[in-house]
Amino acid sequence: MAFVRFNLFYLARPRLNHVAVYDPKLASVWPALHAEIGEEAMASFPNGFLALAIFSLLAIAARAQLSPAFYATTCPNLQSIVRSVIAQVVAQEPRMGASMIRLFFHDCFVNGCDASVLLDDTPTMAGEKNAMGNMNSLRGYEAVDAIKSRVEAACRATVSCADVVALAARDSVSLLGGPSWTV
């Protein structure tokens, strides 16, 4: 049997360095590795380097495709659509700028900026829109709906609601004389 001295739990708990853990999924890999570089080399292989190598590979594999130009080819008019709708909304009621940034904050505060604050209740799930902290407290849902309708007309099934909320918050602050940032 192959005893593997490395796994993620082993890395997370350095005080357990002396514990050998058998992992049947890796059992077929380790004998070949032992034969290739030798038992002594395996035993002395620096754990820090091994951890760095594994986490580097994971980081490369899980690299997010985040970019300010993410929608440049799939929805090139996205930013102008969002800005024009927010300009109309803020012109009608300047307080909506603050409401949009508050909506964005409440969306990001719970479990990340995923537009979950826009979710209505369903028979099987309580949505965040009517949660205790958000009910009769947040505004701007109509503005997000108007933006999303225009975006869907221009770029069907392309832009996420989370990106719409982030862009709307940024543009509402900018249109009211505040700073702007890259989204």
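Placed from the backbone N, Cα and C atoms, the Cβ positions cover glycine too.
For His106 (active site, proton acceptor), the count of additional Cβ atoms within 10 Å of its Cβ stands at 18 [all protein chains shown]. Positions annotated as active site, proton acceptor by TrEMBL: His106.
Feature annotation from TrEMBL assigns Ca(2+) binding site to Asp107, Val110, Gly112, Asp114, Ser116, Glu128. Cβ contacts within 10 Å of Gly112 (Ca(2+) binding site), excluding its own Cβ and spanning all protein chains shown: 10. When secondary structure is read from DSSP and collapsed to three states, Gly112 (Ca(2+) binding site) falls in the coil class.
Annotation comment: TrEMBL describes Cys75-Cys155 (among others) as disulfide bond. Here the Cβ of Cys75 (disulfide bond) has 17 other Cβ atoms within 10 Å, regardless of which shown protein chain they belong to.
The disulfide bond annotation in TrEMBL covers Cys108-Cys113 (among others). If you draw a 10 Å sphere around the CB of Cys113 (disulfide bond), it holds 18 other CB atoms from the protein chains shown.
Computed over the domain 'Plant heme peroxidase family profile' (65-183), the whole-number mean pLDDT of the model equals 91. Per TrEMBL, domain 'Plant heme peroxidase family profile' is recorded for 65-183.
Summarising the environment of Arg102 (site 'Transition state stabilizer'), the number of other Cβ atoms within 10 Å of its Cβ, over all protein chains shown, is 15. Residues annotated as site 'Transition state stabilizer' in TrEMBL: Arg102.
With the fewest other C-beta atoms within 10 Å around its C-beta, Asp114 stands out among the binding-site residues Asp107, Asp114, Glu128.
Applying an 8 A CB threshold to same-chain residues 6+ apart, the list for Cys155 (disulfide bond) reads Tyr71, Thr74, Cys75, Asn77, Leu78. Ranked by Cβ neighbours within 10 A across all protein chains shown, the recorded positions Cys108, Val110 are led by Cys108.
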